[in-house]
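Structure record follows, encoded as structure tokens.
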Amino acid sequence: MNSAIIVFPGTNRERDMAKALTLVGGKAPQMVWHRDSALPAGLDLVVLPGGFSYGDYLRSGAMGARSPILDAVRRFAEAGGHVLGVCNGFQILTEAGLLPGALMRNRDLRFICRDVHLRVETIASPYTSAYGLGEVARVPVAHHDGNYFADDATLAQLADEDRVAFRYCAADGTVGEASTPNGSRDAIAGILSANRRVLGMMPHPENLVEPALGGIGGRALFQSIVESLS
């Protein structure tokens, strides 16, 4: 599987993402700078990693979505390419119009950095096929603007089209306000595009892929990608 990670000024999770992709897929991704105007040929996957692109000036993801490389990422996605956006990458995807909704300031107005539980809401995607439907996975979050918002019509469409990939939940899989760390509507932690080839999610699966790091809750996401795209 050939993959590339987009690196912006302020990105800080590109090496974690590269390690996870290499560990599970056996091949290191290419790093692509934000000022580039084209993606490498022959890619199967483009990743927008976490961090604070352009220092989160204006608002999280706003400047990243308007960087030179995003035109190429948009063309790649529109041509049916697979794109994964994690944390700041999810924010960029919504700002770029590749996913619906917006990521707002957390409910309590504080930066959140801790492990959370996610419930897998669909396995009909190249990002979740190695999970079990309804499986609960423990993964970290680290964000200030992770409160997913969309209007009622968009939320209904996401649900009707089975495009909610992950919801925040308690350890037993119960979904509710108490287990949603940032106030996201419908406890949404990750969503898919209409063609199911673009995934945006706030939690960081790349940080829990091997037991030595404290767990493997994120590993099945990378297994899904490798098995689906190789």
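Indices start at 1 and increase along the chain as displayed.
Note that Cβ sites are derived from N, Cα and C of the backbone, with glycine treated the same way.
Quick look at what Swiss-Prot annotates:
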DOMAIN    3-230  domain 'Glutamine amidotransferase type-1'
ACT_SITE  C87  active site, nucleophile
ACT_SITE  H204  active site
ACT_SITE  E206  active site
Whole-number Å distance separating the Cα atoms of E206 (active site) and C87 (active site, nucleophile) is 11
Between the C-alpha atoms of H204 (active site) and the residue listed as 'active site, nucleophile', the distance in angstrom, to the nearest integer, is 7
Confidence over the domain 'Glutamine amidotransferase type-1' (3-230), expressed as mean pLDDT on the 0 to 100 scale, is 98
E206 (active site) -> DSSP, reduced to three states, gives helix
